[in-house]
Amino acid sequence: MNTVKTVRELRAAIARARSEGKRIALVPTMGNLHAGHAALVAKAGQRADFVVASIFVNPLQFGPTEDLDKYPRTLAADQAKLLEAGCHLLFAPGVEEMYPDGMDGQTKVSVPGVSEGLCGGSRPGHFDGVSTVVCKLLNMVQPDMALFGEKDFQQLAVIRKMVRDLNIPVQIFGEPTVRAEDGLALSSRNGYLSAEQRAIAPVIQRTLKQLAEQLRGGSRDFAALLEAGRQQIEGAGLRMDYLEIREALSLRPAAVEDKHLVILAAAFLGTTRLIDNLPLQLD
Ligand code: PAF
């Protein structure tokens with residue numbers, strides 16, 4: 001696996017793969033990789049012939065009070081994990097390579113609708129940062145497909161809409177969330193948790209599963225369900241950011257007749273913000 005840091009080297013390596021007739025997949029990441037990322041890379045290897053991963057801790061998607069500075073940079077360990085998962089090329093640019101005119105001077109992509117509310121509500125500007133960097137990465141690599149984890153459910157919806165609205169010629173795949181044995185969704189941010197917090201964290205997933213069971217059982221009093229869910233999560237010692245039931249494709253608040261739903265949660269455990277979701281299809 002080769003690691004390149006400039007767009008020029010990236011394009012040269014992609015051109016070689018293209019000239020060999022290879023189908024190209026992109027897995028964008030911010031590094032500090034875990035088994036969820038490895039699963040994305042492995043899946044990309046099944047779907048395409050040449051797998052490109054990117055590692056870029058994107059300052060544009062962090063708010064002023066967020067964890068940009070303490071976000072772990074673990075390039076050597078990440079390279080080893082990518083190699084093992086079957087990655088062929090790693091693009092690991094610096095901030096100047098991605099934003100040569102600075103972040104204020106950068107043209108931005110803003111996706112209306114799906115990027116509002118939920119994480120977009122609590123992290124103003126976050127999704128503009130995500131859509132801008134993903135748009136740039138898609139233009140740099142020009143892959144046949146790009147793969148993202150379903151754990152960031154709203155992010156995936158934002159990227160799908162951006163690709164549709166801007167006619168970017170790429171196929172987007174959302175891959176199932178990878179979880180620890182106790183149900184906690186794998187996330188780079190789990191590393192911030194103390195042992196005690198780590199033991200509490202699976203309450204989010206447990207609560208989402210219970211809500212899903214009640215929805216499957218016919219319950220449609222969304223407000224009451226969500227209030228009970230919030231109490232359970234807060235009772236375990238977390239501070240709720242949001243707990244919502246939405247229509248899974250548009251992310252608008254769920255209506256009683258909707259069949260394809262997603263329950264989404266974000267909560268703080270100490271200073272660490274955890275998110276999770278559970279999509280469900282009702283008959
Ligand atoms: O999900 C992430 O790690 C990031 O938001 C992404 C998609 C790599 C964009 O920086």
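For all residues, glycine too, the Cβ spot is worked out from N, Cα and C.
The Cβ of Leu33 (ATP binding site) lies under 8 Å from the Cβ of Ile55, Thr74, Ala77, Asp78, Lys81, Leu82, Ser188, each of which sits 6+ residues away along the same chain. The annotation ATP binding site is assigned in TrEMBL to 30-37, 149-152, Val178, 186-189.
Annotation for His37 (active site, proton donor): same-chain Cβ neighbours under 8 Å, separated by at least 6 residues, are Val27, Thr29, Ala53, Lys81, Ala85, Gly149. Residues or ranges marked as active site, proton donor by TrEMBL: His37.
Taken from TrEMBL, the feature (R)-pantoate binding site covers Gln61, Gln155. When secondary structure is read from DSSP and collapsed to three states, Gln61 ((R)-pantoate binding site) falls in the helix class. Around Gln61 ((R)-pantoate binding site), the same-chain residues at least 6 positions away in sequence with a Cβ under 8 Å from its Cβ are Gly125, His126, Phe127, Asp128, Gly129, Val130, Val133.
The annotation beta-alanine binding site is assigned in TrEMBL to Gln61.
There are 18 other Cβ atoms within 10 Å of the Cβ belonging to Val178 (ATP binding site). Cα-Cα distance from Gly36 (ATP binding site) to Gln155 ((R)-pantoate binding site): 16 Å (rounded to the nearest whole number). Reported as a whole number, the C-alpha separation between Val178 (ATP binding site) and Gln155 ((R)-pantoate binding site) equals 16 Å. Cβ neighbour count within 10 Å across all protein chains ranks Gln155 highest among the binding-site residues Gln155, Ser188. Gln155 ((R)-pantoate binding site) sits 14 Å from Met30 (ATP binding site), taking the CA atoms of both as reference points.
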